[in-house]
């Protein structure tokens with residue numbers, strides 16, 4: 001990230017404009033962006049990069065933290081794609097009722113024992129109403145608690 005971009009993003013986090021980001025400012029801004037990192041992990045991240053030991057993040061330290069957060073997001077996205085691909089057995093970019101049933105059955109889960117159960121599960125997350133779950137819908141469902149929330 002170039003220095004101008006870094007400064008712009010830093011200022012977004014530095015709510016009171018004092019040149020440092022507190023743990024609270026960091027947590028609130030990440031949550032507003034849809035990134036949920038447990039407080040304990042956030043504290044550990046800050047401790048790792050807080051070179052001057054003041055408990056806050058300055059712009060130089062923020063550059064390191066930003067890189068760490070983006071790396072974690074990339075890793076989470078990769079895991080999400082792998083999970084989607086397990087369900088999308090034919091690789092067409094969609095999870096069908098039959099694919100959902102096959103995977104849930106192979107996992108021995110009571111959810112999805114019947115095609116009707118699977119149709120109901122898909123209907124709950126099928127935003128575009130095509131009877132299938134695309135990656136975006138799958139991702140949204142998983143961020144909302146996964147299959148247990150259905």
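Including glycine, each Cβ sits where the backbone N, Cα and C put it.
Summarising the annotation, Swiss-Prot assigns domain 'EF-hand 1' to 1-36. Summarising the annotation, Swiss-Prot assigns Ca(2+) 1 binding site to 14, 16, 18, 20, 25. Positions annotated as domain 'EF-hand 2' by Swiss-Prot: 37-72. Marked as Ca(2+) 2 binding site by Swiss-Prot on the basis of sequence analysis: 50, 52, 54, 56, 61. As annotated by Swiss-Prot, domain 'EF-hand 3' applies to 75-110, with the evidence given as sequence analysis. The Ca(2+) 3 binding site annotation in Swiss-Prot covers 88, 90, 92, 99 and is backed by sequence analysis. Per Swiss-Prot, domain 'EF-hand 4' is recorded for 113-148. Feature annotation from Swiss-Prot assigns Ca(2+) 4 binding site to 126, 128, 130, 132, 137.
Features per Swiss-Prot, on structure.
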residue: 14; record: Ca(2+) 1 binding site; Cβ within 10 Å: 22
residue: 18; record: Ca(2+) 1 binding site; Cβ within 10 Å: 10
residue: 20; record: Ca(2+) 1 binding site; Cβ within 10 Å: 19
residue: 25; record: Ca(2+) 1 binding site; Cβ within 10 Å: 18
residue: 54; record: Ca(2+) 2 binding site; Cβ within 10 Å: 10
residue: 56; record: Ca(2+) 2 binding site; Cβ within 10 Å: 19
residue: 92; record: Ca(2+) 3 binding site; Cβ within 10 Å: 10
residue: 99; record: Ca(2+) 3 binding site; Cβ within 10 Å: 20
residue: 128; record: Ca(2+) 4 binding site; Cβ within 10 Å: 10
residue: 137; record: Ca(2+) 4 binding site; Cβ within 10 Å: 20
Intrachain residues whose Cβ lies under 8 Å of the domain 'EF-hand 4' (113-148), provided they are six or more past its termini: 34, 80-81, 83-84, 87, 93-98, 100-101, 104-105
Residue 88 (Ca(2+) 3 binding site), number of other Cβ atoms within 10 Å: 22
Other CB atoms, at most 10 A from the CB of residue 50 (Ca(2+) 2 binding site): 16
Surrounding residues of the domain 'EF-hand 3' (75-110) on its own chain - C-beta under 8 Å, 6+ positions past either end: 117-119, 121-122, 130-135, 138-139, 142, 147
Per-region confidence, the domain 'EF-hand 4' (113-148) (mean pLDDT, whole number): 86
Among 88, 90, 99, 126, which are recorded as binding-site residues, the nearest neighbour of residue 25 (Ca(2+) 1 binding site) by Cα: 126
When distances run from the Cα of residue 88 (Ca(2+) 3 binding site) to each of the binding-site residues 50, 52, 54, 61, 126, the nearest one: 126
Alpha-carbon spacing, residue 50 (Ca(2+) 2 binding site) to residue 132 (Ca(2+) 4 binding site), which is rounded to whole Å: 46
Other residues, Cβ within 8 Å of 126, 128, 130, 132, 137 Cβ centroid (Ca(2+) 4 site): 94, 122, 125, 127, 129, 131, 133, 134
